[in-house]
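Summarising the annotation, TrEMBL assigns domain 'DUF2231' to A:14-137. Under the heading domain 'Cytochrome C Planctomycete-type', TrEMBL lists A:192-251. Feature annotation from TrEMBL assigns domain 'DUF1549' to A:300-489. Annotation comment: TrEMBL describes A:528-642, A:833-917 as domain 'DUF1553'. Annotation comment: TrEMBL describes A:20-38, A:50-69, A:84-102, A:114-134 as transmembrane segment.
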Amino acid sequence: MEDFNWIFKFLGRLHPLLVHFPIGLLVVALFLELLTLGGKRPGLREGIHWMVFLGTVSAVLSALFGWLLRNQEDYSGTLVDNHQYLGIATALFAIITLALLRGTLKGKLPHFRIYRISLLCTVILLTLAGHLGANLTHGEDYLTSVFTDDKTAYDEGKGLELLAELKRTDTLSAAQQDRLNLEVRAILAHNCYQCHSENKQKGDLVLDSKEGVFKGGESGEVVIAGNPDRSELYRRITLAPDHDEVMPKKGKVLKKSEIALIGLWIKNGAHWSDQEVKVFPEAELALVKPVLPESDEKHPVDKLIGNYFDQQNKEWPPLVEDRVFVRRAYLDIVGLLPPKKAVDSFVKNTRPDKRSVLIDSLLADGHNYTQHWLSFWNDLLRNDYSGTGFITGGRKQITDWLYNSLLHNKGYDQMVKELIDPSPESEGFIKGIQWRGVVNASQRTEMQAAQNIGQSLLGVNVKCASCHNSFVSNLTLEQSYGFASIFADSVLELNRCDKPLGKMAEVGFLYPELGDVKAENVQERLFKLSQVMVKPENGRLYRTIVNRYWAKLMGRGIVEPLDEMDNQPWDRDLLDWLASDFIDSGHDLKHLIKRIMTSKAYQLAAANYERPDEVKEDYVFNGPLLRRLSAEQFSDAVSQVFFPVFHAVEYDPSGQKPTAQRIWHREIKFDRDVLPEPGKRYFRKSFVIPAKNILEAKALISVDHAYTLYINGEQVAQGNDWKRVGKIHVGRFLRPGKNLVAIEGVNEGVIANPAGVLFAMEIEFDDGHKIKVDSDTSWKSSAEHPNGAWTAVDFDDTAWGQVRNYGHSNWGKLVGFTFEDDRSGFARASLVKQHSFLKALGRPSRENVTTSRDQQATLLQALELTNGEFFNSVLEEAAELWIEKFGGEGQKIVDHLYWNTLGRNPSEKERNLLLSVLGDRPKKEDVQDVFWSTVILPEFQFIN
Amino acid sequence: MQEDNKRREFIKKMAAASLSASATSIPVASFLGSCSRPVQKLASTADTVILLWMAGGMAHTETFDPKAYVPYEKGVESKRVLSTFPKIPTVVDGLHFSKGLESIAGVMDKGAIIRSYKSADLGHILHTRHQYHWHTCYEPPQSVQAPHIGAWIAKELGPKNPVIPPFIAMGQRFTVGEAEELKAFHSAGFLGTEFGPFLIPDPAGGLESVRPPKGMSLKRFEARYKLYKELADKSGFLKQGSDYQKESLMRSMEQSYRLLNSPEAKVFDLSQEPKEVYDTYNTGRFGLGCLLAKRLAQNGGRFISVSTEYEPFLGWDTHENGHIRAKKMKELVDRPIAQLIKDLDESGHLDRTLVILASEFSRDAIMEGRPGETVKDQVDQPDIIEDEKFYGMHRHFTDGSSILLWGGGVEKGLVYGKTADERPCSSVENPVVIDQVHQSIYHALGIHPETHYTIEGRPFYTTPDGQGKPILDLFGQPVGKS
């Protein structure tokens, strides 16, 4: 077949020639037919008959050949489609017309009227098809290109308006010159930048800068001011669409109005405006605080939402019942489940303002509020207890600063100022992450500072523009480097995609209208920037944070994605009102939470959307979304109800420094300290007690993995779980003079792994004097089983080695390792070092700013919950505890379980099902499985 | 907080991105679509990849690219020492390895060697930074988290056998020094945890990761799941909020249940191997990793890495005693690797399994970094060696190292590139960079070289800017003839 393709191609190309026959013949036939109206000139009939016949045959042929042409030479597009349909319709109508004419002539039809109407239709169709054909074909060559109905974001209306205006005047005013130039640059941006910009310089031609436009490309200048006809750019855009040299590209040409504007611009001297051309939509910097609409609603947010519902022709959906509200409020403010007592008394409470009162009391719970919201801020400010960079000193935590800022409800403006113009406690944010070695230009720490401030605080993407001019926003490379230079000791050189450009950055903030940030040194620049950032005129800063809080409490932002604040909000008034109200409140973050949570909008039942994309574009607010418990909320809820998931924190809000060290036998391989191999190790520490009366002596011990503790040769305690702190009264084992603590430690496992002894003893005498004995590097250890009474005071350990301090990094600070009475008993997940369990549940590794966590359930997550040893062992411990606590009564276990996890009584069916599993004497395994089945329930895992 | 399925909003397949670009009317974003070729499934020569990771910097002159042997004697000058082992022949004519690699030398007729790999120039050496670069093709830090090559493959091809996770990483623990940096690249990055590594630090315990929790019988495991399903049905909650959110949760639990309940989990059970096979492989954790990799490759694994494990100053990270330790490392890797190749070949799986052996960079007795870019020294190496502990390759060398490849369409017996025979033993012919290595792997798997996703408004390619090119010569398709 391949060989005969030329025939089809050739026939196809006959199509344009052939189309002129039906055009001529059928049109003339119609004309002659008109002459016969009223029964005149019957002599024409024979000729008309032949013309219709020949016209029909050629119409059919040209439709056929046209179809060949299209298929042989790859035409596509709506224009071609329409031409084809009209052509085929013409041919069909011609056949019908011919049949009707013949029928009439043979006397089968009474008169010529139907045939005449049909002929008229044929000619109209023919004209339309011919017109489209003419549009397709341009010049003597055949078109070879694709036509699409390409409507880009370029707003033609504005251009047409301008064109009309300029056509009326001979001389252009300066303002008109500017507008003309900006319009032309917008046209270039939408049609030419793809290939001719700083990013991609085809033919060495760059059209997104003044220099580029006037420098021209490899074939020389492209714009000759005042002379469009001599300008290469103008010549190329005015070529026929099928010309090889036509621009933007063969088959895609500019609109007439666009060409006219460019021509006009060149003719008028190709003026270049100093203004920046804004290709992408950009949100206004300033806030517009709307006047609240008249409404029966009392809450300002509800007045606005009521107005919104009116516009959407929606009714207010129902509010949630108290039981649901109290769970929401607890989880949203303090991140914990409400205790049963709190639910009961809240439901019973008859005060009309009880919801608002509850919100106040929860917001007043400083540490719990802080320990919940800390996770949000850690994600946002990329702060974590561990991660890359720390090892070589290339990163710094801001945890203490952040914790205290939240605890004392520091004003948001003050927080921003302290992040940007930092003290040593808050400098970690703009210091970024530095790995050892050299770093590429777009990731130097100054650029990271610009990127992170942009993303976290301003909702603008600087990352794109730190490598090349952005193609998602109006930001340029120069602006990014200018912004980054604020944080730099020396002037930065611009790099495009890591290649130096030989051009130095000029210091400047992204929004220069807010004020100048130039200064001699970094310190002053940071000060200036911090002042400029928090100005009320910087609506962006405040919109961004209130939108994040709204999203956190409602499941979806007023603008989405949360980091793209130039996108359209679903209710601009609401966003700007909240931001203005936030400023008026003194930038009070708790006020913001209260504002949102006291509204009816927050208290609506969870909205039902059928498909995920309904909450993306074209979103209509209909109430909060279901939200999944965060990794921290889930973990804390399990700790609250069952058994501590975590026992040790990485950050201790009390600020107490541990005095005891995690020690183990020093293990060396090839002259290097290495992780300890599994096996038994022996530890000794002697100390002297003065001859005084001991009032009280307590010891704390935690050993990874297991220990036997001896004092003065007597066995005192044993343990095999480092997380459970042994708390022992040891007074009776002690005596005046030399004493000895000995520990036999076991490192389990099959490969080398972290192991450590943590021990502290406090001896208080009746005169108030205290002495302490802590595990530290003065202890001695041995890997060999000692011969003789090694736990006794007089054993000779001179041959033993000194222990090594293994640090706390593998264990954290045990909350139970305290001589004081136990506090809450579990470690809040927000204070815990990143852990595989939390990671699986979606806590991000804070290597980059994370402003929205992945809400999608994944297989790895489910695996962690299903067979993760860590999680299952927590539930196992809990089962043991509960059986003891409830004396093995299934009924009590079930009720307690439902109240504490789901905040309600089990239904009759649920109760029966669970009791049937537990039986009369519940076994540990059964209780554990009941626990598991409950915490996996969507009802538990979602905030309703 | 965000709505369900947000990831799909952020990450769009290139084709989808260009389509949506016209819908959202962002003109320049269509730049992505218009200037790149559409992703399509290409012809492939491999379905499975096994990466044998020589962690810590394996000296090429001590292993697969031996130079002049200078035996140890007291007083020998460091600068004279190029190789501390004599050469041995391989089954390929003219190809020599270093003593101690006799078994691998015996299977080189089934594979190829690249002798001219150049690591990145990242300044003052940090192993994990180079490892991050090797595994992700991006230099850290990055403004978005770069995915591991295994995650890219998992994302693009999915599991080969639905119950075997498509990205399995064996041998590396994360309790060692530089653990955070190791975690940073054992990650699916922005692709999402779904495509992250299934970690098996100890291959002997691999089975546990795919069975019901320890101590739970299959019967109990099934009953537990049934109870959960019944409770979920009975709870009125399923009527509230959006269904798709709840369904995503229920579905993931079901998948997990099915995987853990699957009889195919025995693939992870090394005790299923005959004792003599087990013993042949068992040179330690690495050897058993090779054995598990073999079982996985034969049963539908997709991307499997086996690491000798990086722990600062251990393994291949020889800052002293280089000779003795290289000898020990060869004992660890030589036999199991050769056996892996033989077994895969015999079972017919080698044809569609690409096995790669590589290391983040090489080592040298003298040069730290590379010629012209020597960097801050980290090793105390005397000019005259008076103590045998200074005999060996102790400095980090980034200008030439070896990569071995077998199967998966790789031309057998090929030697590609070479390094200088005198110091500095740099790549002097056909230098290869990481982008080419990754693209060659993608080429074998039929993954388009310009595969990318849009994250935070930017295209993120498998290799930076989508510029990397495969080395077609490896597949017997010299450039220009394909």
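Placed from the backbone N, Cα and C atoms, the Cβ positions cover glycine too.
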Model confidence over the domain 'DUF1549' (A:300-489), as mean pLDDT, sits at 94
Across the domain 'DUF1553' (A:528-642), DSSP labelling yields 59 helix, 3 strand, 53 coil
Can you work out whether the domain 'DUF1553' (A:833-917) touches the domain 'Cytochrome C Planctomycete-type' (A:192-251), with the criterion being 3+ CB pairs under 8 Å where the paired residues are 6 or more apart along the chain? no
Summed over the domain 'DUF1553' (A:833-917), the DSSP helix, strand and coil counts are 54 helix, 0 strand, 31 coil
In DSSP terms, the domain 'DUF2231' (A:14-137) comprises 107 helix, 0 strand, 17 coil
DSSP assigns the residues of the domain 'Cytochrome C Planctomycete-type' (A:192-251) as 18 helix, 5 strand, 37 coil
